[in-house]
There are 4 protein chains.
Amino acid sequence: MKTMRADALRNRAQIVDAARILFITRGPDTPMEDIARAAGVGVGTLYRRFPDRDSLIIAVGQDVVGRLTEMLHAAREAESDAWHALGRYLREWAEIRLGLLYDALCHGMPPAVRADQDLARARDDWADLLDELLRDAKTEGALRQDVDLVDVATFMNLLIQMEPGGTPDKLLDVMIDGLRGP
Amino acid sequence: MKTMRADALRNRAQIVDAARILFITRGPDTPMEDIARAAGVGVGTLYRRFPDRDSLIIAVGQDVVGRLTEMLHAAREAESDAWHALGRYLREWAEIRLGLLYDALCHGMPPAVRADQDLARARDDWADLLDELLRDAKTEGALRQDVDLVDVATFMNLLIQMEPGGTPDKLLDVMIDGLRGP
Amino acid sequence: MKTMRADALRNRAQIVDAARILFITRGPDTPMEDIARAAGVGVGTLYRRFPDRDSLIIAVGQDVVGRLTEMLHAAREAESDAWHALGRYLREWAEIRLGLLYDALCHGMPPAVRADQDLARARDDWADLLDELLRDAKTEGALRQDVDLVDVATFMNLLIQMEPGGTPDKLLDVMIDGLRGP
Amino acid sequence: MKTMRADALRNRAQIVDAARILFITRGPDTPMEDIARAAGVGVGTLYRRFPDRDSLIIAVGQDVVGRLTEMLHAAREAESDAWHALGRYLREWAEIRLGLLYDALCHGMPPAVRADQDLARARDDWADLLDELLRDAKTEGALRQDVDLVDVATFMNLLIQMEPGGTPDKLLDVMIDGLRGP
DNA sequence: GATGAATGAGACTTCATTCAT
DNA sequence: CATGAATGAAGTCTCATTCAT
């Protein structure tokens, strides 16, 4: 594991990418063979990297959480107040359809996925960050007081599960409007 | 079809009921055998009534649309203005988790389901009714002008796909808030 | 399970028969599909009766132990002394190649098989019977004192694992000679 | 083939050693990767030395026959009469669990193995030697007249296939007793 | 007409073998 | 030359659908 061969690394990345997209568009039961084909590798390669479906899901989850965390940092730097950072963040999130968190707590995920420590830690770090953003936005008086992390994550995950080709933008607009305090 | 025996009718109803619930809680891929068992009949009986999975989905869809239509009528009668009728309707809809419309246009449904004329007609009738309600609510000045039937149905279907045990109430609250015009 | 359909019962018996023979001639890893074909049924049928390979092994084991027990009773009735009953029993046993006990204590069997209570009980009953036979034969002064059930069962299982077409008769002869006390 | 590098030779020996042990303890279907790991080399190296599983089996077979031949010579030199040499030989053979001859005639071996001329020759040389030993033991009046090479080899191979941890000693004792003429 | 047994296509996973590094 | 990554054929098991009872 020290030094992974260049092609192996590339394959791994392609697999995770393909899986992330297929998990969203076709669900977490997408045949492994389809994932392999989409990644441009054979099934065997997929199974060498990820001994079973769960470990693939975990890898995708870590990838997703990592990206969400990055995006969150970027949004805060780009905006001066928390409310606008939140809006920007949610819009970007929706745009790239980063899902697979399932109501932010991995409900509905296989036990092995829920038990994974690394993934849990990554998710917690991200959650702390988002929590802070929400708190700040409430302090600013812009965000409803009764809304929490779980509500936001749940909504975003629902949004992302929409059929591709749908137009989530308006829905998100309405929701952000609803998030604004009275 | 003229005269269906009483027990046959009862069987049919039990199957549709069981399927509606299982399609929501366990997804539209729920094994036919599980549906049959939940309905208290054998698989053979299920297949006698519904030659394949698609025709069962269609039957459930008609059932659902029928119920939604009834509920809509009831909501309008119970409330004096369209805005409150809308709110009441959405809350009731969420409560009984009547889904299976998949963003109101049956995206993601098997071709045979999308092609079914009877279901299309029933759905259109219901859509007309909901459209009218939305129009009235806009006329009242209570509903945002840019929101249409598809947005509402899409959101409701997403909501219904949430994990059972989730708390969609707050999400719906926020959304209804967002639906209110400025 | 109360009343099993006639054809289902027949199928079950054919499967166990086919499996018993194939487990001996081609090993316990024989593809399930080959077993199904040899039994004249589809794989699905095989899996309906026996949810996995282990449960099939267990069923075959019970069948085998049952037959061994019957044969042992018959041998004792047919012969007046224990020594000759033993010889007759071992020869008949070898002839029909009833194996799958794997050194009499199911060493080398999958955990699920070793854990099965019914099979363990049946095997213990048979073992008691054979033990008694060995004890009687020792009392008669015909059997070596240092030979026990495990030795005999181990040898028989080895013998049965021989390639079909081999001639185990002479080996058994030599062994029986060796079993005679000095 | 003329000059093989020292490390290549060492690798080859390690592979054959590892394979011999694994073929006995885990059967001739042991994954090639496991054999490679046990030998401390990569699969690629294994396949460079032995283009396929069959050629590895052949190499192990030659190794085993070579050892058996050596042991046989040693036993004859150590004992003055053939009967005791036989007993010593069989006991030593059992102790080191040199198998893979499969009833001495390679029944059950892949065609390519059975067709190998070198292996056949080595096995024949060994067989001649053992045959001679048996003949001498019969001449001495110690060994049953009806026992031949195949019987002995078959028995030894069965014995060696016993679960590791079993106690083949008593079985061998009984068998040697049975081998003694009347 | 109802039942549940049988079928076989298809998904998951492993491993012998090839080939890029 | 050694390595271990990639491949795909083969085996296990599930489930939609058909059909005998």
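Positions of Cβ are set from backbone N, Cα and C atoms, glycine also.
In TrEMBL, annotation is done automatically, which means it is predicted and not curated.
Within the chain carrying the DNA-binding region (B:31-50), a Cβ under 8 angstroms from the stretch's Cβ atoms is held by residues 8, 11-12, 14-15, 17-19, 21-22, 56, 59, all 6 or more beyond its ends. Positions annotated as DNA-binding region by TrEMBL: B:31-50.
For B:9-68, the entry in TrEMBL reads domain 'HTH tetR-type'. The helix, strand and coil residue counts that DSSP assigns across the domain 'HTH tetR-type' (B:9-68) are 49 helix, 0 strand, 11 coil.
Over the DNA-binding region (B:31-50) the predicted model carries a mean pLDDT of 94.
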